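Copied from Swiss-Prot, the annotated features are:
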- 1-140: domain 'MGS-like' (DOMAIN)
- HIS8, LYS12, THR34, GLY35, THR36, THR37, SER54, GLY55, HIS87: substrate binding site (BINDING)
- ASP60: active site, proton donor/acceptor (ACT_SITE)
Amino acid sequence: MKIALIAHDRKKTLMIKLATAYKHILEKHELYATGTTGMKVMEATGLPVHCFKSGPLGGDQQIGAMISEDNIDLVIFLRDPLSAQPHEPDVTALIRLSDVYEIPLATNIGSAEILLRGVEAGFADFREVIHEGDRRPLAF
């Protein structure tokens, strides 16, 4: 799976703790991240991470573009809901694209842990089925 990791500044330490705790799961997948988050995760865990630009400089949009091309399977976005973000429209667009393309999205540590444990248990294998067949968003 291709997993995107994004964290607002006040959540970066939490992302590092998450990546460290679930390194045994994350190491089996391709990781993508916005700039600073990706660098911090790499430094703390030694995991390879493809780093895009920092979120406010377009990194969120770069990950959004990957989602729209069906090149991301899961997004962990540890948001800081108590601080204003200068790139809030980009954040909203990324969340919207995750919904449009049926990409599992965690926006807090609780949902991130559940998604990662689900990946480990094989509960996200439906993404592999999508990659084998039609590349359009699911229609229910």
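Every residue gets a Cβ built from N, Cα and C, even glycine.
Structural mapping of features recorded in Swiss-Prot.
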residue : record                 : Cβ contacts under 8 Å, 6 or more apart
HIS8    : substrate binding site : GLY55, LEU78, ARG79, ASP80, SER83, GLN85
THR34   : substrate binding site : LEU5, ILE6, ALA7, CYS51, PHE52, LYS53, SER54, GLY55, GLY59, ASP60, ILE63
THR36   : substrate binding site : ASP9, LYS12, SER54
HIS87   : substrate binding site : GLY55, PRO56, ASP60
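Residues ILE6, ALA7, ASP9, ALA33, PRO56, GLY59, ASP60 surround the recorded substrate site, their Cβ atoms falling within 8 Å of the Cβ centroid of HIS8, LYS12, THR34, GLY35, THR36, THR37, SER54, GLY55, HIS87, which are themselves excluded.
The predicted model assigns the domain 'MGS-like' (1-140) a mean pLDDT of 91. Binding of substrate is attributed in the record to HIS8, LYS12, THR34, GLY35, THR36, THR37, SER54, GLY55, HIS87, and the widest Cα separation among these residues amounts to 17 Å.
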